[in-house]
Amino acid sequence: MLCFSGLSVALALALVPGSGEAARDRDCEVCVTFLGKFYQSLKDNDVKFTSTDIEKALVKTCRDAKGKENRFCYYIGATSDAATKIINEVSKPLSYHAPVEKICEKLKKKDSQICELKYDKQLDLTTVDLKKLKVKDLKKILEEWGESCKGCAEKSDFIRKITELMPKYAPAAARARTDL
């Protein structure tokens, strides 16, 4: 009986996903996602997988990066205002088609801040009550859309601007709101 319960415990532990792997994905969320998209764009655009070509493409991609991805680019030295340059720690392994997870692990050893970056929670505009959000969150929605609310003083002004722009930036959410 004891042998059976030990076997069932071992089987249960084997079925549980490795906590190390799950933690690693969440740990370096921005790094893994950004480099994964970047690697795919290199393949899609038939870029030569040489270290210098990858560096040039990375710097170009980082020019358009916003938010947490821009912060990641800053940490690896792919922005013009970056203090350090560890961009070769990305370009060289990518030229050998190394997995992005491994690249991020090595980057974490160089600068732990890289893997501390997390994406902000995305709001579901179809169901969220804008009146219950903080002004800070309302401003963030507009900022993500590349818009601003000049002359907005009250919370209601921000809500009005968001609902006005919603059909342009979140058409599905706008339709869902009119269906209610």
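A Cβ is built for glycine as well, from the same backbone N, Cα and C atoms used for every other residue.
Feature annotation from TrEMBL assigns signal peptide to 1-22.
Confidence over the domain 'ARMET N-terminal' (27-123), given as mean pLDDT on the 0 to 100 scale, stands at 92. Taken from TrEMBL, the feature domain 'ARMET N-terminal' applies to 27-123.
Under the heading domain 'ARMET C-terminal', TrEMBL lists 127-169. Listed as Cβ neighbours of the domain 'ARMET C-terminal' (127-169) (distance under 8 Å, sequence separation of 6 or more from its ends, same chain) are residues 120, 176-177.
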Review point. For the domain 'ARMET C-terminal' (127-169), what are the DSSP-based totals of helix, strand and coil residues?
Key: 28 helix, 0 strand, 15 coil
